[in-house]
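Asker: Annotation source TrEMBL lists transmembrane segment at 44-62, 97-115, 127-150, 156-173, 182-204, 241-259, 265-289, 301-323, 397-417.
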Amino acid sequence: MSTLAAEHAPVRKRSRFAEPTQWAGQAALWTITAALIAAHQGRVLTFAFPVLAIAVGIWLYFKSPARYVGFMWWVWFLSPEVRRLADWSKGAFTPTSLIQVAPLAVTMIAAFGLLRHYRVLAQRRGIPVLLILFGLTYAYLVGIVSSGLMAATYDLANWLYPVLIGFHIMVNARNYPAYRDVLLSTFIWGMLVMGVYGIVQYFVMPQWDVLWMVGSQMGSQGEPVPYGVRVFSTMNSSGPFAFAMMGALVFVLVAPQKIRWFAGAAGFVSFALCLVRSTWGGWVIALAIQLVQSSNRVRMRILISGVVLVGLCVPLLTVGPVADRLGQRLQSIVNLKDDRSYDDRNKFYATFAETAFTDVAGEGMGATGASTKLSSDSGELGKYGSFDSGVMNVPFVLGWPGTLLYLAGFVMLLGRTVRASFRLRDDKFVGACLSLCLSVFAMLVFTNSLIGTGGLLLFTAIFSILSAAHWQRLQRLPGAARLRGDDH
């Protein structure tokens, strides 16, 4: 059987001449969006964007499942910036915007997969997903009672959509090469767009971003002035942006796109300027895992790619105000005794650990994070709206029953992922995915990386590896048996 690496080139060649049904809807969405922004039709855009995005998402889900995943990532990458441009064209900041619904709604389209492929949940490869769903269902029922229907439902969606995307990738394992190519292309081009815009944001600070920072009172993002902002590029804040760039900077080392070096340089600079130390550490861990897990041939390519990438970025990062800002942030890693955020996190662990781990029933969905806004009359963050530890967030929200079910499923997935990755050491994409899922999981110490952009990255990586292993097994089967094996 030919190796996965050998299969890579012909798949990319076919995808380059994709059918119009696969790209026309996406092109129409972004063209209409750009036209409405140029025409200063912010109110129309606020209603049109989510409707069009959902329509395109549904179309792609059924017509081109692999490109649906790529489109979903693009909506997460760009919709926050679309929202800011819509507000700017209206001349006023809007506290809540329908555009915010678009990424979540497009991602939740993957829930159709549970209805269409429910039999997979009873199979060996689907049992871990079923356990995770049971754990989340328990926490949701508790959350409805303790936090209310709206808050619990919103929080459930944030826990659920990364798993749904992973399940979508798993049940389409027969098309693994297409998913691999779409993910690599999406992250490389996404890194180019967000990286370049992030650099512009740091040095220029566009007025629509200023309007949003002032209106949302996002003090944690720095000052809304050139050289003063923590880069968040086109995304909601520096945290999700850092996760996206971390994933892209892992994929750039194994991607075939010729634009990858320019994209990598722009992405690396913006990644540095977001000043999110936890994802800096996560990226270093991911690179180390890639080097350890890969074969000698792949390891050499990664090292050469890393040297080239650093060489392209060093000139900009080591001179002027950029160097001063980075120097201060790096210094805080060395001098932890003077680091206020580190001290606050230690105090939080010391004072809250007993509460988190002894709450047997759990507080349920809606108890922490942004969902607490929906359970308060004022619309402000609740008592646990800011929660700096994924390790404690999981038992506090899910309780012991939910945590045991969720972790049982997740540990099964992770164990299968690690075993499969060592059987596929010549697949560079699998090595990148393994390093991502392990490093993102390790970041639970700092944040709940099972949800949001981090969770989406985590479950995309896990199920991509499992999909690769399943696809390889299918290639060993005769033609007729291969078709029957798709659902087993």
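Cβ from N, Cα, C; glycine included.
Where in this structure would I find these features, and how exposed are they?
Answerer: Taking Cβ pairs closer than 8 Å, the transmembrane segment (97-115) reaches residues 45-47, 49-50, 53-54, 57-58, 61, 68, 71-72, 75-76, 79-80, 82-83, 86-87, 121, 157-158, 160-161, 164-165, 167-168, 171, 456 in its own chain, all 6 or more past its ends.
Long-range Cβ contacts of the transmembrane segment (156-173) within its own chain (Cβ-Cβ under 8 Å, at least 6 residues beyond either end) map to 65-66, 68-69, 72, 104, 107-108, 110-111, 113-114, 116-117, 120, 125-126, 129, 132-133, 136, 139-140, 143, 179, 365, 369, 371, 450-452, 455-456, 458-460, 462-464, 466-468, 470-471, 474, 486.
Residues 15, 66-67, 69-70, 73-74, 77-78, 81, 226-227, 229, 231-235, 241, 244-245, 247-249, 251-252, 254-257, 259-260, 262-271, 273-274, 322, 429, 460, 464 of the same chain, all 6+ positions outside the transmembrane segment (182-204), place their C-beta atoms under 8 angstroms from a C-beta of that stretch.
Listed by sequence, the residues of this chain that lie at least six past the ends of the transmembrane segment (241-259) yet keep a Cβ under 8 A from its Cβ atoms are 8-9, 12, 76-77, 183-185, 187-192, 194-195, 198, 231-235, 267-268, 270-271, 274, 276, 278-279, 282-283, 286-287, 290, 298, 301-302, 305-306, 309, 428-429, 431-432, 435-436, 439-440, 449, 452-454, 457, 461.
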Asker: How about the transmembrane segment (397-417) and the transmembrane segment (127-150): at least 3 CB pairs under 8 Å, pairs 6 or more apart in sequence, or not?
Answerer: yes
